[in-house]
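Chemist: I grabbed these lines from TrEMBL:
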| type | residues | note |
| --- | --- | --- |
| BINDING | HIS257, HIS261, GLU287 | Zn(2+) binding site |
| ACT_SITE | GLU258 | active site, proton donor/acceptor |
Amino acid sequence: MISNSFLTKFKEVWAISHAMRLMGWDIETYMPPEGISYRAEEMATLNSMRRKKLLEIKADVEHLEPRDDMEAGIKRVLWREIRYIDSVPEEVDAEINKLSAESAVVWRDARVKNDFSSFKPYLDRMVELKVKVAQLLGYNDHPYSSLLDLYEEGLTVNEADGIFGSLLPDLKRVLQKVEAEGRFNSPSGLEDEPYPREIMEGVVNEIAYDVLRMPRGKFRIDSSPHPFTTGINRHDVRITVRYEGFDFKRALYSLIHESGHAIYELQMDESLEFTPLAQAPSFGVHESQSRLWENNIGRSKGFVGLIYPRLKPLVKGKSVEEVYRYLNAVRPQPIRVDADELTYNFHIAVRYFAEKKLIDGSLGVSELPEFFDDMLEEYLGVRPKSYSDGVLQDIHWSHGSFGYFPSYTVGNIVAAVIYHHMDFEDDVIRGGKLEVVKDWLREKVHKFGATYPPKELLKRSFGEDYNPTRLVDYLERKYVGTE
């Protein structure tokens, strides 16, 4: 049974976590650049305090005898975190955090200068540290499994190999059909079309507040070079959008993607507040909500028709069908964040297999750029022309986020599973009745937070778990069929 004193102790952990989230949001939005070194010290101190507070409740968690699903979830979530703290010494964690802050700065400069050699020593050390973490955490089938589990509870290399082994050949088959038919391949002219920032901001606000019905009192939109979502609590959720000045779909879908994350944060059950369950059960499940809104809903004919009148200042007289094809164009290219939904998972596969080999020692960091380029060329027939467009394109490795990338593919698969079970009439989305969709998602996914592990949540709500066939079927119907 969970006592009030236990929850009071955990509330201190909760408060530190939320303060750190707010500080992280501020770094990316409004903090003066010269404040970064002090902010890093502040956050390192808070993280150390948080570790100590969690260890103070270790005995309470260990002896907790859950009476219901909520208490079982609290014990599971806290025990996973305490196990990490127990297994990975604070000095190792501190070195990773310090290296992450330093290497992120080096990475940004290296990408601008197309200079892998300057970033390599930092990546070498980060790989060494992540191998050490994998060994400290322990594993059954492969050292990389212990890192996958940090982001996607229960995911192993054996299972991930099976997912990609099933998914990639089928996606390749669909891609070849789409390229042969040519319906979604032709440039529309909108890709290079500039737009005034103030007009795009107006469209973004209209779609956020008038179409998606985001709650003004609990939600805000800012801009940043890398769009992201920060959920401080269920009454304070913040997103950012990237405005590049051309190809308006990039700003549009950064809004819709991040709003999907935000809707999840806003719709968790109130009873979970101040508990460790006020979060998604995994990165993949959280990603499924952003992908569901961005792709399955946001790029559907019904949704494009719904927002088309609001896009009039941007579409240069093109018809709704032409805009639909522009928003769903399929063109293999080297940059992950610009990839379409049909080719996106090939980009994730490249990173998955690279990380797996780096962690088991079968690939050295010096060999990584060529391995990366070779795999991308094998999958998509495109080869990066530079380090900046190849191995240096993502910030994740500078942060030490080994095991994170596969959660994107898990998210795409889970989104397709959920979309398969969304049995709504056509006029729900086309008619803008999106509160119906949000209410359904609240009951099926959002309200539970992290009460259940990801696969159990999917089984309970949809009767299946990570089913790659759902994603392939959805993409084939959309691109080869007649949607």
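Note: Cβ is positioned from N, Cα and C throughout, glycine not excepted.
No curator has checked TrEMBL annotations; they are predicted automatically.
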Chemist: Would you mind checking how many other C-beta atoms are within 10 angstroms of the C-beta on GLU287 (Zn(2+) binding site)?
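Modeler: Excluding its own Cβ, GLU287 (Zn(2+) binding site) sees 26 Cβ atoms within 10 Å.
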Chemist: Sorry to bug you, but what's the C-alpha spacing from GLU258 (active site, proton donor/acceptor) to GLU287 (Zn(2+) binding site), rounded to the closest Å?
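Modeler: On Cα coordinates alone, these residues lie 10 Å apart.
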Chemist: Do any residues at least six apart in sequence from HIS261 (Zn(2+) binding site), in the same chain, have a Cβ closer than 8 Å to its Cβ, and if so which, in order?
Modeler: THR229, GLY231, ILE239, HIS286, GLN289, SER290
Chemist: List, in sequence order, the same-chain residues at least six positions removed whose CB sits under 8 Å from that of GLU258 (active site, proton donor/acceptor)?
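Modeler: Result: PRO227, PHE228, THR229, ILE239, THR240, VAL241, SER290.
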Chemist: Cβ within 8 Å of the Zn(2+) site centroid (HIS257, HIS261, GLU287 excluded): which residues?
Modeler: THR229, GLU258, GLY260, HIS286, GLN289, SER290, ARG291, TRP293, GLU294, GLY411
Chemist: Hey, what's the Cβ neighbour count for HIS257 (Zn(2+) binding site) at 10 Å?
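Modeler: For HIS257 (Zn(2+) binding site), the 10 Å Cβ neighbour count is 24.
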